[in-house]
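**Student:** The structure's right below; bear with me while I get my questions together.
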Amino acid sequence: DSEGEDLWDNAASGSDDDDEDLDDEFDDEEDEEMEGLDGEGLDERKSRKIEARKAREAAMAEAELLDSTMQTNIQGETELYELPDEDEPELMTDVAAVNQRIQEVVNVLNNFKELRDPSKSRQDYMDRLIKDIAQYYGYSHFLAEKLCGLFPVSEAIEFFEANEVPRPVTIRTNTLRTRRRDLAQALINRGVNLDPIGKWSKVGLQIFDSQVPIGATPEYLAGHYMLQAASSFLPVMALAPQPNERVLDMASAPGGKTTYIAALQKNTGMVFANDASKDRLKSLVANIHRMGVKNAVVCNYDGREFPKVVGGFDRVLLDAPCSGTGVISKDPGVKINKTEKDFVDIPFLQKQLILSAIDSVDAKSKTGGYIVYSTCSVVVEENEAVVNYALSKRPNVKLVSTGLDFGKEGFTAFRGKNFHPTLKMTRRFYPHVHNMDGFYVAKFKKMSNKFEDKKDKKENRENGEDEDDDPNDYTGFNDEEDLELIDESKTKLRKKKGIPTHAGK
């Protein structure tokens, strides 16, 4: 539309520095206009304003409820909510009635002392609520109970509601090929209605609607952007790869994070794009070529085989395989196909992978020594529990700030289990709070390449192994050998192209 064109025209006339592009669009006046669009924007400042307004509304509603309760008490006509009889056959058949009952039970739980039925316990109300949530939103009873336990009851309903709505369509500008303002102008000219994703990202754009398929525009085919969820930006931003570093993306397909890493490195250094699934490598290779990435090495190993394959990396990103409880809006099958066994088996794999990721990093790296662990899950077993396990098994690492200035703090205690206090530096992201997929990000700094694990030492001694063996012994990089191989490959390439070679070149 003409308004959008003016917006981007004004942006295009400004500074050429990509760090400054489009930020001026979000002045206070526009922020106020956007306040009414609950859940549509991805700007953290807007989210905070919306949260504050919701809190005020909730406080007013609670005040009205208390006032109403006092009035009825004065008149001696207080009506207590009675839980329905479990044996009523029509209890679960009427969807509208189930929804109404959810609201009433939540209301009782929020004002339990005044509205409870004296013959019923709080657990009775919670059991009823979980059964109704499972029925109304289509979850297994097991998963409904697990997810409900993460939040206060009112917030839990907001979380379940948010999972019924698709997340915004977002794209990431490929700075190896273009700038965000140029890409935005090109897409606006094709009839795409878009906006910057928020102050926290300099390369993201949010697509509101489009007259052309976003995944088939000439700009997409030319590698000017990647269709990528907003939450998927976060682990790479936390990793903060630097030019000329060696980086390992341990579970990289389909390549959104790998190509973002390469863009931040400006195609220098090297990024090892690994994935355990051979079939998924096809999309990874395709995206690497389309996006113009020239510093990537694609490999197909089980992540647990690192660092025996190669180690000594400056940084490692482990976006671990997970249950997908943060992306239910994309994959509704998660609602019913996850069992208690999954939340034992998946964290077991994640714990093995995170130890391999830590061991693959060189603590003596001049610029790095960092590991980022992330999942698209919201459950504690796959997030804080895994990170806490890594801290206990690898005393040579510590948690550091993710560098992300928004998101909820990670849990330091959950249901009677206490975690390391530094877990508050990890970050949680929720669909109902940040309008992006549920996500978790933790960042480690490796302090030393050696560590002493008493259990491992005992096992080594029992197996007759040398106690002095370095548990982090791996095949690393040799800069001198690398330079020789690079020169040799350049010589072969010149010969192949018919370019004359010279001694010493």
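Every residue, even glycine, has its Cβ placed from backbone N, Cα and C.
Not my notes, these are from TrEMBL:
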type     : residues                                                   : note
REGION   : 1-51                                                       : region 'Disordered'
COMPBIAS : 15-41                                                      : compositional bias 'Acidic residues'
COMPBIAS : 42-51                                                      : compositional bias 'Basic and acidic residues'
DOMAIN   : 159-447                                                    : domain 'SAM-dependent MTase RsmB/NOP-type'
BINDING  : A251, S252, A253, P254, G255, G256, K257, D275, D302, D319 : S-adenosyl-L-methionine binding site
ACT_SITE : C376                                                       : active site, nucleophile
COMPBIAS : 452-463                                                    : compositional bias 'Basic and acidic residues'
REGION   : 452-481                                                    : region 'Disordered'
COMPBIAS : 464-481                                                    : compositional bias 'Acidic residues'
**Student:** Round to the nearest Å and give the CA-to-CA distance linking K257 (S-adenosyl-L-methionine binding site) with C376 (active site, nucleophile).
**Tutor:** 14
**Student:** Record lists A251, S252, A253, P254, G255, G256, K257, D275, D302, D319 as binding S-adenosyl-L-methionine; longest Cα-Cα distance in Å?
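**Tutor:** Taking every pair among A251, S252, A253, P254, G255, G256, K257, D275, D302, D319, the longest Cα gap is 20 Å.
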**Student:** Measuring Cα to Cα, tell me the gap between A251 (S-adenosyl-L-methionine binding site) and C376 (active site, nucleophile) in whole angstrom.
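**Tutor:** A251 (S-adenosyl-L-methionine binding site) and C376 (active site, nucleophile) have their Cα atoms 13 Å apart.
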**Student:** Whole-number Å distance between the CA of A253 (S-adenosyl-L-methionine binding site) and the CA of C376 (active site, nucleophile)?
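**Tutor:** It is 14 Å, counting Cα to Cα.
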**Student:** Taking the Cα atoms as reference points, how far is G255 (S-adenosyl-L-methionine binding site) from C376 (active site, nucleophile) in Å?
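**Tutor:** For G255 (S-adenosyl-L-methionine binding site) versus C376 (active site, nucleophile), the Cα atoms are 16 Å apart.
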**Student:** Return the single residue from the binding-site residues list (A251, A253) that has the minimum number of other CB atoms within 10 Å.
**Tutor:** A251
**Student:** In the structure shown, with every protein chain counted, which of the binding-site residues G255, D302 has the densest set of Cβ atoms within 10 angstroms of its Cβ?
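**Tutor:** Within the set of binding-site residues, the most crowded position is G255.
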**Student:** I'd like the Cβ neighbour count for K257 (S-adenosyl-L-methionine binding site), meaning other Cβ atoms within 10 Å of its Cβ, all protein chains included.
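**Tutor:** The Cβ of K257 (S-adenosyl-L-methionine binding site) has 27 Cβ neighbours within 10 Å.
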**Student:** Can you tell me how many other Cβ atoms are located within 10 Å of the Cβ belonging to the residue listed as 'active site, nucleophile'?
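**Tutor:** Excluding its own Cβ, the number within 10 Å is 25.
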